[in-house]
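If you look up TrEMBL, you'll see B:20-43, B:84-106, B:126-143, B:173-197, B:232-252, B:278-302 marked as transmembrane segment. As annotated by TrEMBL, domain 'ABC transmembrane type-1' applies to B:80-301.
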Amino acid sequence: MAAQTETVRVTKPAPARATDTDQRHHRGKARWFVLAAAIVVAVLMMVPFVIMVLNAFKSPQDYSQNGPLSWPSTFYTDGLTAFWDRVNFPEKLMNSIWISATVAVFGTLLSLFSAYAIGVGRVKGRMWLVTLFLLANMLPQEVLVYPLFQMANKVGLNNNQWSVIIIFTVIQSAFGTYLLASVLGTFPKALLEAAALDGAGRWRTLWGVVFPVVRPTLSVLVIFFFIWTWNEFFIPLVMLTTNATQTIPVALASLQGDRMMDAPTTNAGALVSMIPAIIFFLLFQRTLTRGVTAGAVK
Amino acid sequence: MSTTVAERRTPRGRRSRQWLGYLPYLLPGLVAFTVVILIPFGMNVYYSLHKWKGGNAPMRWYGFGNYADLLHDEKFLTSFQNSIWMIVAMVVVPTLLGLILAAVLFDVLGKRFGPRTASVLRATYYLPQILPVAVAGVLWNWILNAQTGAINEVLRSLGVENPPNWLGDTTTALPTVMLVLIWIQIGYPVVIFMSALQRVDPELYEAAELDGAGWVHRFRAITIPQIKPETFVITLTCTVAALKVFGPIYVLTRGGPESSTLVPSYYSYLNFFDKSKVGYGAAIANVLTLLIILVAVAIMVLQARSARREEEGH
């Protein structure tokens, strides 16, 4: 990153030519216009968040009297506590963290094993395998959900978080294998040969040579699997049928249409539910951006 | 002579069978994949050939009857029609807007106001992407609520007597859902396009500038061809997402009013868990899957062809 911006800075200011002055003068005004337009878009994106925060701390009376755009007349937190207690928020938070973290670890591990066999081991039929994994990641979950629901019931995993964990470990690792296999396909041969000369077997080569090199990619996968699983809605909605097992998104959505949910409580609920995602975003912003683009460039 | 041949043959022979040793590493993934994806997929196909209320109810063989019934089901046809609107809202509009925004952030704002301005704006655009869709849906559901929602409160205070029932009216529901989806989706192409632009050699632009090419000209002659791979990836992933969309529909409208926002995945869910028509729901899900695979393969083939043409051109 740093090296890149450096080169841009070095090459950029060089061609300053006299004939350009008129044009540049004109551009000086245009750039402010462009900045204003970009800020308008940013404001449009932020408005929902801002009015949500504004209304999370209003009393229902305040809201119905002064509308959604006024500053709260008092700092009202009953909406917040009402939501917190009604959904037992700490419990839902723990459920979400437990499911997402377990999937992130297991999914990454599974991706690493499969990708090691495909990318480094070059097993036969690997092209087909990668295509199969990629297609599996694209399947609509509706095509799997009823059989999985039946299977979970049969093995006694109904309303059990392990059913969700197992399903998403496999679905996420399908993408992880696809991504990681192409990374490991270009793994430096010299390193592998050196390990073989040292007498390292496949297991030791994986952990001693391959793992340290691909650790940055693996950490991107961990973070991605965590946040994707955190945001998942459909399968947890079907599989986790009681309050005690549900994740934050499912709990929040199932409160909808509840007559007791006045506007401030709704907003307080949405606010509390997005805070973990926002914290995560701030912590891993750079990794996330890197991950999004890693997935794109292959 | 003979020894060298023998020496040559053994390592080659060993190498060709070497991959067998890696099979144990593939096993966990393959077993899990079979249990969680292949078998359920097969079961879903089997279900779709039956009439079945689900659970312990008896299954009755129906052949391709469910699929034949789909052709006369107006709701089913509506749901796929709406998929086209989902593609407009999740692929066409965000990709075009995202391309403009990324080019502006990278080319104008990043260079004239510093990379920090550009990255703050980029993060702002990306924010809705990290929200769980259910949370975004609940938030928008309140904003758009006819009686107590923020938008109509504002409209009333401005003197509008009968503000529209955004999500509750058959004429406004679909466009309103589309706007929410655009809001959710826009950050993804912006982030990918911006990193694609970083990859483009700045000397290309400088050469073009020396030749007197204006911004629009450079954008068309350099930017668009250079970021083609990313454009394909965005088109592929977003089209698949648009065909699969479920969460926002579930939270915002549940397909209503009067099926005006119904999508295939929600219609399939409805048949599974609400109408107890499991075979029928399975058939809908299978048709959707087939469509997604066809679209994905078509986009991948186009991408490969375009990449090949580029290589030949060079």
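Just so you know, glycine gets a Cβ as well, placed from its N, Cα and C.
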- Task: State, in range form, which of B:20-43, B:126-143, B:173-197 has the highest count of Cβ pairs under 8 Å to the transmembrane segment (B:84-106).
- Result: B:173-197
- Tertiary contacts of the transmembrane segment (B:278-302), defined by C-beta under 8 angstroms and 6+ residue spacing from its ends, are 44-45, 47-54, 59, 62, 66-67, 69-70, 76, 79-80, 232, 235-236, 239-240, 243-244, 264-265, 267-272
- Item | Outside the transmembrane segment (B:20-43), six or more residues from its ends: residues with CB under 8 Å to it | none
- Which residues, given as numbers and ranges, are at least 6 beyond the ends of the transmembrane segment (B:173-197) yet have a Cβ under 8 Å from it? 82, 85-86, 88-90, 93-95, 97-99, 101-103, 105-107, 118, 122, 125-129, 131, 133, 136-137, 140, 144, 166-167, 223, 226-227, 229-230, 233-234, 238, 245, 248-249, 252-253, 256-257, 260-261
- Long-range neighbours of the transmembrane segment (B:232-252), counting only residues six or more past its ends (CB under 8 A): 83, 86-87, 89-91, 94-95, 98, 133-134, 136-138, 140-141, 144, 167, 177, 180-181, 184-185, 188-189, 192-193, 261-266, 269, 288, 291-292, 295-296, 299-300, 302-303, 306
